[in-house]
Amino acid sequence: MPEPAKFAPAPKKGSKKAVTKAQKKDGKKRKRSRKESYSIYVYKVLKRVHPDTGIWCKAMGIMNSFLNDIFERIAGEASRLAHYNKRSTITSRRSRRPCACCCPASWPSTPCPRAPRRSPSTPAPSESLPGPGARSLPPSLPPRVAGCFVSKGSFQGHLTPLVK
């Protein structure tokens with residue numbers, strides 16, 4: 001008498017487990033590997049800013065790769081600055097400078113809602129602004145050629161080079 005063929009039981013109607021699991025040839029179930037992405041966060045921000053607007057899958061992929069690239073740049077610059085200053089940890093205060101270095105020149109001039117604001121009478125910390133011998137750049141050079149820039153003062157948009 002022939003043996004009955006071993007098949008996986010058919011998924012019940014409305015069951016979502018069949019969608020999330022892939023089948024091997026020997027009948028054992030295997031979970032798909034999870035991919036991390038920023039798509040849910042991009043979607044939440046989009047709905048908060050423009051509630052009636054949607055986003056295509058390809059556009060979400062572009063936004064995801066953009067955010068990965070920005071975070072890689074910021075992390076690389078932060079670790080480089082921590083190494084230069086002989087620090088083993090990166091604090092939240094020290095993370096603003098790499099953001100200013102990696103982002104376009106207009107981004108650091110936009111204040112963050114949670115960023116601590118410094119009054120004009122308070123002296124600037126020595127590590128965030130260049131010394132008195134800092135040279136200004138000629139206006140013909142693009143900002144990326146000369147190096148990083150930071151906002152001067154309390155987010156007034158006046159940019160000065162970090163290079164001495």
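Using N, Cα and C of the backbone, Cβ positions are placed for all residues, glycine too.
As recorded in Swiss-Prot:
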{"type": "COMPBIAS", "residues": "1-12", "note": "compositional bias 'Low complexity'"}
{"type": "REGION", "residues": "1-33", "note": "region 'Disordered'"}
{"type": "MOD_RES", "residues": "Lys6", "note": "N6-lactoyllysine"}
{"type": "MOD_RES", "residues": "Lys6", "note": "N6-crotonyllysine"}
{"type": "CROSSLNK", "residues": "Lys6", "note": "SUMO2 cross-link"}
{"type": "MOD_RES", "residues": "Lys12", "note": "N6-lactoyllysine"}
{"type": "MOD_RES", "residues": "Lys12", "note": "N6-crotonyllysine"}
{"type": "MOD_RES", "residues": "Lys17", "note": "N6-glutaryllysine"}
{"type": "MOD_RES", "residues": "Lys21", "note": "N6-crotonyllysine"}
{"type": "CROSSLNK", "residues": "Lys21", "note": "SUMO2 cross-link"}
{"type": "MOD_RES", "residues": "Lys24", "note": "N6-(2-hydroxyisobutyryl)lysine"}
{"type": "MOD_RES", "residues": "Lys35", "note": "N6-glutaryllysine"}
{"type": "CROSSLNK", "residues": "Lys35", "note": "ubiquitin cross-link"}
{"type": "MOD_RES", "residues": "Lys44", "note": "N6-glutaryllysine"}
{"type": "MOD_RES", "residues": "Lys44", "note": "N6-lactoyllysine"}
{"type": "MOD_RES", "residues": "Arg80", "note": "dimethylated arginine"}
{"type": "MOD_RES", "residues": "Arg87", "note": "omega-N-methylarginine"}
{"type": "REGION", "residues": "111-140", "note": "region 'Disordered'"}
Nearest of the modified residues (Lys44, Arg80, Arg87) to Lys35 (N6-glutaryllysine) - Cα to Cα: Lys44
Rounded distance in angstrom between the Cα atoms of Lys44 (N6-glutaryllysine) and Arg80 (dimethylated arginine): 32
Fewest-neighbour residue among modified residues, criterion Cβ within 10 Å, set Lys35, Lys44, Arg80, Arg87: Lys35
Integer Cα-Cα distance in angstrom, the residue listed as 'dimethylated arginine' to Arg87 (omega-N-methylarginine): 10
